[in-house]
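Some features that Swiss-Prot has for this protein:
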REGION    1-29  region 'Disordered'
COMPBIAS  14-23  compositional bias 'Low complexity'
DOMAIN    37-72  domain 'EF-hand 1'
BINDING   Asp50, Asp52, Thr54, Ser56, Glu61  Ca(2+) 1 binding site
DOMAIN    73-108  domain 'EF-hand 2'
BINDING   Asp86, Asp88, Ser90, Gln92, Glu97  Ca(2+) 2 binding site
DOMAIN    110-145  domain 'EF-hand 3'
DOMAIN    146-181  domain 'EF-hand 4'
Amino acid sequence: MARRGQQPPPQQAPPAQKNQPGKFNPAEFVKPGLTEEEVLEIKEAFDLFDTDGTQSIDPKELKAAMTSLGFEAKNQTIYQMISDLDTDGSGQIDFAEFLKLMTARISERDSKADIQKVFNLFDSERAGVVTLKDLRKVAKELGETMDDSELQEMIDRADSDGDAQVTFEDFYNIMTKKTFA
């Protein structure tokens with residue numbers, strides 16, 4: 001309380017809770033399934049490929065970023081990604097949009113790795129394909145009593161090119177229900 005004739009002490013502003021302008025705070029982007037370290041790695045990639053420093057990535061920059069992070073990046077895919085994520089219609093994506101994209105891709109990549117492990121259990125000869133013989137062996141190990149015609153039908157459903165073998169891509173498509181009929 002101020003004495004008569006004296007000014008009260010000035011009120012101090014509370015410390016800033018938000019990020020200071022120009023400073024990146026990864027904690028603002030952390031969410032379940034995504035660590036601060038992963039956010040920093042994705043931000044590092046974003047900054048590396050934001051070659052013009054606009055804080056947004058255009059199609060050419062996005063293709064380079066995706067390739068460097070180990071993802072296949074065809075032009076059609078790149079333009080589709082930008083179209084799907086570009087909320088302001090600028091034809092480019094900002095960091096928040098890029099983070100959303102990369103988080104989805106990381107999750108997809110992890111899922112694909114898990115499916116690869118299951119595929120490898122079926123591919124007993126490590127030939128890169130699952131054959132009727134492989135399927136017969138797995139069915140027997142699991143105690144399933146299926147005749148060859150049932151097993152062959154399973155192969156035929158998954159086999160995309162009619163060679164009586166299931167490739168990993170065929171298996172992945174079935175497991176993710178992309179081509180299951």
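Heads up, residue numbers simply count up from 1 along the chain you see.
Here the Cβ of each residue, glycine as well, is placed from N, Cα and C on the backbone.
Location within the structure of each feature annotated in Swiss-Prot.
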{"residue": "Asp50", "record": "Ca(2+) 1 binding site", "Cβ within 10 Å": "19"}
{"residue": "Asp52", "record": "Ca(2+) 1 binding site", "Cβ within 10 Å": "9"}
{"residue": "Thr54", "record": "Ca(2+) 1 binding site", "Cβ within 10 Å": "12"}
{"residue": "Ser56", "record": "Ca(2+) 1 binding site", "Cβ within 10 Å": "20"}
{"residue": "Glu61", "record": "Ca(2+) 1 binding site", "Cβ within 10 Å": "21"}
{"residue": "Asp86", "record": "Ca(2+) 2 binding site", "Cβ within 10 Å": "15"}
{"residue": "Asp88", "record": "Ca(2+) 2 binding site", "Cβ within 10 Å": "10"}
{"residue": "Ser90", "record": "Ca(2+) 2 binding site", "Cβ within 10 Å": "12"}
{"residue": "Gln92", "record": "Ca(2+) 2 binding site", "Cβ within 10 Å": "20"}
{"residue": "Glu97", "record": "Ca(2+) 2 binding site", "Cβ within 10 Å": "20"}
**OP:** Specify the secondary structure state of Gln92 (Ca(2+) 2 binding site) as given by DSSP, simplified to three classes.
**Re:** coil
Subject >> Collapsed DSSP category at Ser56 (Ca(2+) 1 binding site) >> reply: strand
Subject >> Average model confidence [pLDDT] within the domain 'EF-hand 3' (110-145) >> reply: 85
**OP:** Measuring CA to CA, name the entry from the binding-site residues Asp86, Asp88, Ser90, Gln92, Glu97 that ends up nearest Ser56 (Ca(2+) 1 binding site).
**Re:** Gln92
Original post:
Relative to the Cα of Asp52 (Ca(2+) 1 binding site), which of the binding-site residues Asp86, Asp88, Gln92, Glu97 has the closest Cα?
Top reply: Gln92
Subject >> Asp50 (Ca(2+) 1 binding site) to Asp86 (Ca(2+) 2 binding site) - Cα separation in whole Å >> reply: 16
**OP:** For the recorded Ca(2+) 1 site, whose residues are Asp50, Asp52, Thr54, Ser56, Glu61, find every other residue on that chain with a C-beta no more than 8 angstroms from the centre of their C-beta atoms, and list them by sequence position.
**Re:** Phe49, Thr51, Gly53, Gln55, Ile57, Asp58, Gln92
**OP:** Compare the C-alpha of Glu61 (Ca(2+) 1 binding site) with the C-alpha of each of the binding-site residues Asp86, Asp88, Gln92, Glu97, and give the closest one.
**Re:** Gln92
**OP:** Other than Asp86, Asp88, Ser90, Gln92, Glu97, which residues of the same chain sit close to Ca(2+) 2? List them in sequence order, counting a residue when its Cβ is within 8 Å of the Cβ centroid of the site.
**Re:** Ser56, Ile82, Leu85, Thr87, Gly89, Gly91, Ile93, Asp94
Subject >> Between Thr54 (Ca(2+) 1 binding site) and Asp86 (Ca(2+) 2 binding site): CA-CA distance (Å) >> reply: 15
Subject >> Thr54 (Ca(2+) 1 binding site) and Ser90 (Ca(2+) 2 binding site), distance between Cα atoms, whole Å >> reply: 12
**OP:** Determine, to the nearest whole angstrom, how far the Cα atom of Thr54 (Ca(2+) 1 binding site) is from the Cα atom of Gln92 (Ca(2+) 2 binding site).
**Re:** 10
